[in-house]
Amino acid sequence: MTGAKRKKKSLPWSKMRIPRCEDFKQWCRRRLPILEWATHYSLKESLLPDTVSGMMLAVQQVAQGLAFAVLSSVHPVFGLYGSLFPAIIYAIFGMGRHVATGTFALTSLISANAVERLVPLSSQNLTTHSNTSVLGLSDFEMQRIGVAAAVSFLGGVIQVAMFVLQLGSATFLITEPVVSAMTTGAATHVVTSQAKYLLGMKMPHISGPLGFFYIYAYIFKNIKSVQLEALLLSLLSIVVLVLVKELNEQFKRKIKIVLPVDLVLEFLAHGLSNVIASFFFCIPSAAAMGRTAGLYSTGAKTQVACLISCIFVLIVIYTIGPLLYWLPMCVLASIIVVGLKGMLIQFRDLKRYWNVDKIDWGIWVSTYIFTICFAANVGLLFGGVCTTAIVIGRFPRAKTLSTKNMKEMEFKVKTEMDDETLQRVKIISINNPLVFLNAKKFHNDIMNIIQKENTGNQPLDEIRKYEQSTLVSSLSGVCNEEATQPCLNPKCSLVLDCSGLTFSDYTGVSMLVEVYMDCKNKSVDVSLVHCTASLIKAMKYCGNLDSEKPIFFESVSAAISNIHLNKNLSILSDHSEI
């Protein structure tokens, strides 16, 4: 054959790389964090604090396990199982050092809805005299835990699927007001479901739409059947628990929870904690802020504290577990009610929502009403749809700043100030509404621009290649080819032009405050210009802004003049110290 030789086609499998042993080890370390920290565990420094924290956690796990099992409408012993197996599985797959997985009020309430619907109390008469060989429990009780375990299994499968599909970013669709209203409504449902135990009343199971109001109607109709002994014991238990809880509040205010590095991997950890634990008759589990704060305040170092707590829970199951059968139900109900204090006091957020964004206030109230009238999942769905519809309706009114006008403004500033001052100033224009859909991306873009090392290889045009390039645009400052120092320099300043910010919700205002606080911690001065009166008022209500020096200005020129003045004052201060 004459002419140039035909090129040989490369086969698809010829490009495949044979996995090496090192690659497999790295994969295991990423998926099994226990292999990372267990090899560096120090018995001398960590064993004692982990043991003390584990013992304290075990007491909390036992009490909450019994209480939330009752809330799930299953036998109390299954609550102890729910405090044992999920914690062991999370210690292997989880990344949070202080995360304690176990029974949780909201998951127990959702599980109870399925249990009461599929295995109602009316079927108990058919299986009262029939006992199974499993744990010596009746068929009725085993059917109920079977439903609860199925709920745990399906919930875990969904979480694992979210890990596989990398759907962690989908949570931004649920705003803070919606979550706050939904959890507050769910906590109200939980307290209502425990009213019969707190009052010592015998009450038929009431569920369905408007079941919340039917329960209280039944209570007031049969108020004479309240047992005085149970009521007094409930009040005494609640008072003691509240006093102990308030004593710990001073520690919790100082707690800074260390979040896991890979939040998507937490889907896998919590998903497997539910999937695997469901085969051991466990009710749905989740992490709780109270247990996590307890681990931090007692000085836990690693997940060994959770494993030690599992040892004590196992001892309770095999030794003193039968004695807990005689624990009054009103005491368990009191533990549940006091444990929900943090959710119930979220009513105080209504004032902040009203001052920041009245639309978010309306979303909170409507989501809460839907939650107590129907169910937690209905309220969450309503809140998500409502916020999305409002954003879709408000976005068409957004106006984008003209680049020409900004350049004219920049030219005016350059004629008034020296180049040395402008080289340390970064002017960023917010050109779109700031809402829950883009608030996190806005924060990430700002932080990336601030922290980016300017070596000449990443000019301004490359920064504009972000997914939401219309959100922020850098117009001057250190993001150019001539800059050689990063913006983390203590003398660096950031000017946010909010003239293009047509509207913002509570999440957007909170993110603006968070950007200000993060920059302040990095010694970066932040100035906001062209802010509306409502935005200034909302930011002051939403966070503790620095009141010693002004941060709101009418124009970019005024902001840079203030930066130049502070620079001169700093120089004079340095000379006076010399």
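Glycine too: its Cβ is placed from the backbone N, Cα and C atoms.
According to TrEMBL, the features are:
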- 415-563: domain 'STAS' (DOMAIN)
- 65-93: transmembrane segment (TRANSMEM)
- 145-165: transmembrane segment (TRANSMEM)
- 197-218: transmembrane segment (TRANSMEM)
- 230-247: transmembrane segment (TRANSMEM)
- 267-290: transmembrane segment (TRANSMEM)
- 302-320: transmembrane segment (TRANSMEM)
- 326-347: transmembrane segment (TRANSMEM)
- 368-392: transmembrane segment (TRANSMEM)
Problem set entry | Confidence summary (mean pLDDT) of the domain 'STAS' (415-563) | 68
Exercise. Would you call the transmembrane segment (230-247) and the transmembrane segment (326-347) in contact, using three or more Cβ pairs under 8 Å, pairs 6 or more apart in sequence?
Worked result: yes
Seminar exercise, completed: Among 145-165, 197-218, 267-290, 302-320, 326-347, the most Cβ pairs under 8 Å with the transmembrane segment (65-93) come from 267-290
Exercise. At least three Cβ pairs under 8 Å linking the transmembrane segment (145-165) and the transmembrane segment (267-290), pairs spaced 6 or more in sequence?
Worked result: yes
Problem set entry | Non-local residues, at least 6 beyond the ends, that sit with Cβ under 8 Å of the transmembrane segment (302-320) | 34, 37, 41, 46-47, 49-51, 53-55, 57-58, 61-62, 65, 77, 80-81, 83-84, 87-88, 90-91, 94, 97, 100-101, 295
